[in-house]
Amino acid sequence: MIRKIPSFIEVYKSLIQIPTISSNNKLLDQSNKNFIDLLSNYFSDLNFSVKNYQIPHTDKYNMLACVGSGNGGLLLSGHSDTVDFDEKKWTKDPFKLTETNNKFYGLGAVDMKGFFALILEVISSINIKKIIKPIYILATANEETDMSGAKNFIQSTIIKPDCIIIGEPTSLKLINAHKGHMSYSIKVIGDTGHSSNPDHGVNSIEIMHDVIRSLLILKKYFKEEYQHPNFSIPYPTMNLSSIHGGSAINRICPLCILNFEIRPIPGLTLTQIEIVIKEKLETIMKKWSHRIFIKKLFSSVPAYECPHNSGTIKIVEKLCQLNSAAVNYCTEAPFLQRIAPTLILGPGSIEQAHQPDEYLEHYFIQPTKNIITKLINKFCY
C-alpha cells in the first residue's frame, strides 16, 4: 500500500534539520544514520524496497531503494553528508530550511539534500505500478571525505542499471567528465644548529628547494604531455598548496613540510601519476633517502569520463535538450561509472556548495522535476 508522504517543503525541511557532517576531524564527524532512516521511511511509504548498508568500521550508512524488477532501469544517486560549517559566517540557522527571496537556505540545501526532496516529490506523483524497469535511489555516505560510501557500494552491489544520474549541483547542465584529485605531503627532516655555523647542520629548507624544483619540472611535464580539449583548463594541474618550516632566524631549519595537490584529466590514471612522481623525485630521494618522506593526505579520486560516443549520453542529451560538458571538481562518478554509464546533472549552482548561507534557487525546482520525470519515463517505462 502506497502511503502519502509530506509535501516537498516539509520533506525538504526534515532532511535539512538532521545534521550529517562528514569531516576528517573526528570531533566534527557525524553519523548519517538518522538521515538514512528518515529517507528510507519516505521511500518505503512509496512502496520502494529499501536496504540500508553500514560502511564497515564506521557509523555511516548507504541506502538503496528500489521499485520494479529486472535488468536495466535508472539509478538516481546523491550523497547524504554535508561539509562542516563556520557558525560565525552563517546568518541563518544551517539546520533550518529558510525560504526567502526565492531561495532555500540551509546546510546541504544545494549539496545535496534538495535533490532527494525533489526525487520524492516526483515519485509521489507518478504511477510506479506501470514501470517495466526498476527505479533505484542511492544515498551514499562520506562523499565529502573519502567517498567510502560509493566505494563500498560498487564492491557489494549486483545491480546493472542502464543509466546513473548523480544529482550534484550543476545548474542543470549535463556533465560527462571531470578531473580527479590527489594530495600529498612531503616532509624533509634536517639537523638543527646555530646559523653561525651552517656546516654543522642540515637545512631542511634547502633540501625542500630541490624537491620543489623537481615538482615544478613535473608540473611543466603534465602541461606539455597531457591534454583534454573538453576542459577549460585542458591539462593536469599541480598546486603547491602550503609550506611550513623553521622556528627562529638564527637556527638551521630542522623540519620543512610541503603540501601539494594534482588534478589529473581523464586518460591519466592515479597509478600513472604515482609512478611519474617517483620518477621525477628519484634522484633527490636517493640523495636524501633518510630525510625525505612523502605520504598521501586524503583518499585519491580518479578522473572520470563517460565517452561522447556512449549511447547513454546521446539519449540523455536528446531527452533533456542539453549538451554535455566537463568540469574541474570531483564527484562519485568515477566509482559509480564502473557499474553503469554515469552522468552528473542536478539543481543549483556548484558556486553555492560549501559556502556560508548555502542555498538552492527556487527556479531550479520545476525544471529539475521535469528532468527527473523524463528520465524515469525514458529508462523505466
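Placed from the backbone N, Cα and C atoms, the Cβ positions cover glycine too.
Taken straight from Swiss-Prot:
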{"type": "BINDING", "residues": "H79, D111, E168", "note": "Zn(2+) 1 binding site"}
{"type": "ACT_SITE", "residues": "D81", "note": "active site"}
{"type": "BINDING", "residues": "D111, E144, H354", "note": "Zn(2+) 2 binding site"}
{"type": "ACT_SITE", "residues": "E143", "note": "active site"}
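Inclusion criterion for the recorded positions H79, D81, E168, H354: a C-alpha placed within 10 angstroms of the C-alpha of E143 (active site); this criterion is met by H79, D81. In sequence order, G78, M112, F115, E143, I166, G167, P169, T331, G346, A353 are the residues of the same chain, not among H79, D111, E168, whose CB sits within 8 A of the CB centroid for the Zn(2+) 1 site. Note: the Cα of H354 (Zn(2+) 2 binding site) and the Cα of H79 (Zn(2+) 1 binding site) are spaced 14 Å from each other.
When the Cα atoms are compared, D111 (Zn(2+) 1 binding site) and D81 (active site) turn out to be 9 Å apart.
Cα of E144 (Zn(2+) 2 binding site) to Cα of H79 (Zn(2+) 1 binding site): a distance of 8 Å. Of all the Cβ atoms in the protein chains shown, 28 others lie within 10 Å of the Cβ of D111 (Zn(2+) 1 binding site). Under DSSP, D111 (Zn(2+) 1 binding site) is assigned to a helix (H, G or I) in the three-state scheme. Taking the centroid of the Cβ atoms of D111, E144, H354 as the Zn(2+) 2 site, the other same-chain residues with Cβ within 8 Å of it are T82, V83, G108, A353.
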